[in-house]
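Novice: The topological domain 'Cytoplasmic' annotation in Swiss-Prot covers 1-108, 158-172, 220-231, 284-295, 355-371, 421-429, 527-542. If you look up Swiss-Prot, you'll see 109-129, 137-157, 173-193, 199-219, 232-252, 263-283, 296-316, 334-354, 372-392, 400-420, 430-450, 506-526 marked as transmembrane segment. If you look up Swiss-Prot, you'll see 130-136, 194-198, 253-262, 317-333, 393-399, 451-505 marked as topological domain 'Extracellular'. For Asn471, the entry in Swiss-Prot reads N-linked glycosylation site, with the evidence type sequence analysis.
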Amino acid sequence: MGNQSLVVLTESKGEYENETELPVKKSSRDNNIGESLTATAFTQSEDEMVDSNQKWQNPNYFKYAWQEYLFIFTCMISQLLNQAGTTQTLSIMNILSDSFGSEGNSKSWLMASFPLVSGSFILISGRLGDIYGLKKMLLVGYVLVIIWSLICGITKYSGSDTFFIISRAFQGLGIAFVLPNVLGIIGNIYVGGTFRKNIVISFVGAMAPIGATLGCLFAGLIGTEDPKQWPWAFYAYSIAAFINFVLSIYAIPSTIPTNIHHFSMDWIGSVLGVIGLILLNFVWNQAPISGWNQAYIIVILIISVIFLVVFIIYEIRFAKTPLLPRAVIKDRHMIQIMLALFFGWGSFGIFTFYYFQFQLNIRQYTALWAGGTYFMFLIWGIIAALLVGFTIKNVSPSVFLFFSMVAFNVGSIMASVTPVHETYFRTQLGTMIILSFGMDLSFPASSIIFSDNLPMEYQGMAGSLVNTVVNYSMSLCLGMGATVETQVNSDGKHLLKGYRGAQYLGIGLASLACMISGLYMVESFIKGRRARAAAEYDCTVA
């Protein structure tokens, strides 16, 4: 059984002819990460994982327990800032629109610009971290976040919503360099498959609902107290980022191995991918404002598709060091996981925006009360994330992934039928609790899958994969939701009808996520059963 387990682990990590050189592909079986990760969960012991990863583990990363705790704290705050940055405009979107004199249809850009850029650049930032140093890229990201968060507040005095939206985009660019490199550092420091690593990733995942809650709540508090002081929501965000920047300098080890396989950056693929992603996202978020009948919208859409098709072909056939390892690109199970995350979090992005539209414009809540209704995310999100950390050794990640998509679907359905005059403590309270499990089962489970089953030299990229899908899908699908809204709201005369229409699209996306993740879960169980049977047979023969 020990030999069988070691073989499975070698397959899941990527088998190399020489560990000091670039990985050499031996066979299609060696590169089928999706199959090996399932078998690993059933046949591999923790001790074997430690031994096989010893080359990558430095026992002197932390001399004292408090150093490790401080490191974990800085990682958690990084995730908090990511989600807070996404939601901090939601509770004050009407205040921002009034301040800049924005048109109603352009409100989606107040939220979408941040995840658009962060989602488009995260994959590149993770690869840059793998090549030039995870900690270096993390600190670069914080510098960008600090500067552009301050500029977001200063844009008030320009009176230009375009300037604000661009500043939000650069704020998202900074976050793109923070979170994937944080997860990459965790992947390098902690041994894959161990309880310690799982619980740390779960702690980081638990910060998503906390960040989402604090972002909209704090901004709502400032906006309700004095709408003219809304820039302080961004000044405070910048201060928090600066504090964590300083802590990260001292808390994050500087001895993490950097690019020992001498990879180079795939600049051609990076340019093709980023341009394609940004243009596609721009089209979907701008079309509801300008109209799909505009020639430039159609032209940009065609150009974006061409860039993305060329990017995929280049990465598969021509790139010497592709942004995505070919084992991931060609592995059906990895694609399944990413598609499930895309549709699930896309539906959540639609819910998030139209939830606040519903609260502010239909129920006429104040910015503070609208932000305060997110409080259930804080409580139940922590519970959900810790549930993953404490049970992941006994429950397949595919199970958590499936039920997280079910939570996204059920939450979207409940949001689409919430009565206007019903108290918050009925349907909406239940919706928030259920959606908490959508967020905080999917993020830790998928992060653990990718981190444990990719080689250590790809840990920055492993963190990038999950965050790219999460952030980009929230922005892109929001544009799709806005398109549906504008088509059914009778030129803004029936707001509720438009909001419901967007939520129905979210239900459709979440349903697709359920089907894809359900198929992956069933296949995982079948392969796990086969792996156990093979292991038992080996023991019997021995």
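The first residue you see is number 1, and the count goes up from there.
Note: Cβ is positioned from N, Cα and C throughout, glycine not excepted.
Worth saying up front: this structure is predicted, and the values here are computed from it rather than measured.
Each of these features: where is it, how hidden is it, and who are its neighbours?
Specialist: Within the topological domain 'Extracellular' (130-136), the DSSP-based counts of helix, strand and coil residues read 6 helix, 0 strand, 1 coil.
Here the topological domain 'Cytoplasmic' (158-172) returns a mean pLDDT of 91 for the predicted model.
Tertiary proximity for the topological domain 'Cytoplasmic' (220-231) is limited to same-chain residues at least six positions away from its ends with a CB under 8 Å from its CB atoms, namely 91-92, 95-96, 98-99, 152-154, 156, 366-372.
For the transmembrane segment (232-252), the list of distant contacts is 67, 70-71, 73-74, 77-78, 81, 84-85, 88, 92, 135, 138-139, 142-143, 145-147, 149-150, 152-153, 185, 215, 218-219, 222-223: same-chain residues at least six beyond its ends, Cβ to Cβ under 8 Å.
Cβ atoms under 8 Å from those of the transmembrane segment (263-283) belong to residues 22, 112, 116-117, 119-121, 123-124, 127-128, 130-131, 297, 300-301, 303-308, 310-311, 314-315, 319-323, 457, 472, 475-476, 479 of the same chain, restricted to positions at least 6 beyond its ends.
According to DSSP, the secondary structure content of the topological domain 'Cytoplasmic' (284-295) in residues is 8 helix, 0 strand, 4 coil.
If you look at the transmembrane segment (296-316), the same-chain residues 6 or more away from its ends with a CB under 8 A from one of its CBs are 266, 268-269, 272-273, 275-277, 279-280, 282-283, 286-287, 290, 322-324, 326, 329-330.
If one looks beyond the transmembrane segment (334-354) by at least 6 residues along the same chain, the residues whose Cβ comes under 8 Å of a Cβ in the stretch are 33-34, 86-87, 90, 108, 111, 115, 212, 328, 401, 404-405, 408-409, 411-412, 415, 435, 438-439, 442, 446, 449-450, 465-466, 469-470, 472-478, 480-481, 485, 499, 502-503, 505-507, 509-510, 512-513, 516-517, 519-520.
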Novice: Count the CB pairs under 8 A between the transmembrane segment (400-420) and each of 199-219, 372-392, 430-450, 506-526, then give me the winner.
Specialist: 430-450
Novice: Per DSSP, what is the residue tally for the topological domain 'Cytoplasmic' (421-429) in helix, strand and coil?
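Specialist: Helix/strand/coil tally for the topological domain 'Cytoplasmic' (421-429): 3 helix, 0 strand, 6 coil.
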Novice: How many other Cβ atoms are found within 10 Å of the Cβ atom of Asn471 (N-linked glycosylation site), counting all protein chains shown?
Specialist: 27
Novice: Taking the transmembrane segment (137-157) as reference, which of 109-129, 372-392, 430-450 has the most Cβ pairs under 8 angstroms?
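Specialist: Going through each listed stretch, the top one turns out to be 109-129.
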Novice: Under a Cβ pair cut-off of under 8 Å, which of the recorded stretches 109-129, 372-392, 430-450 contacts the transmembrane segment (199-219) most often?
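Specialist: Ranking 109-129, 372-392, 430-450 by Cβ pairs under 8 Å to the transmembrane segment (199-219) puts 372-392 first.
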Novice: Would you mind splitting the topological domain 'Extracellular' (253-262) into helix, strand and coil residue counts from DSSP?
Specialist: 0 helix, 0 strand, 10 coil
Novice: Work out, from DSSP, the number of helix, strand and coil residues along the topological domain 'Extracellular' (317-333).
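Specialist: The topological domain 'Extracellular' (317-333) comes out at 7 helix, 0 strand, 10 coil.
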